[in-house]
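According to TrEMBL, the features are:
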type	residues	note
COMPBIAS	139-168	compositional bias 'Low complexity'
DOMAIN	26-128	domain 'Phytocyanin'
REGION	127-168	region 'Disordered'
SIGNAL	1-24	signal peptide
Amino acid sequence: MASRMSCLFGCVLIVAALLQGASAQTTHVVLGSEGWIIPSNQSAYSTWAASQTFSVGDTLVFNFQTNQHDVATVTKANYESCTKTNTISTKTQGPANITIDSAGEHYYICTFGQHCAAGQKLAINASSSSTSSPPPTNSSPAPTTSSPAPTTSLSSPPPSTTNTSSASSLTIGGFSLLLLSTAITFFY
């Protein structure tokens, strides 16, 4: 009887640890329902980022129309100058999911045409825990000339994505594991 209780207690501890780790993961849909587009105002992405809390393990969802936009991970220097070469990585298929894998500043731009110069770029600051941290400040001056932003027409809207996290699927899996462990313990 004591070994059954030890087994049950061990299973409960494992499930609790799994659930604790998953609770911090969040899915952030970049710019919400607008998606990854050329914004109507150049501060749209920095304003959106300031309202979010980013942590390691979170996922950024960039909703965009394939062949009209992309999302490139770049250095701070390339972010500030909108340099399209020497990207760290580029995702060309929309929607694109990027998991934040380290704490600190992360920079993303669109490499199509003058999209980045028109404001289609995002800077975030991710923490290693779920505490709030402000996005990095943009130290480069805003362009002094204003050119009209290129218009994009979407033949079909980007797929709708809901704000979900992997915590819900992990919770169901953890609960199932707990029930299975309990059943095995009592019927063994």
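Backbone N, Cα and C atoms are what each Cβ position is placed from, and that goes for glycine too.
Here the domain 'Phytocyanin' (26-128) is broken down by DSSP into helix, strand and coil counts: 16 helix, 35 strand, 52 coil. Across the domain 'Phytocyanin' (26-128), mean pLDDT in this model comes to 95.
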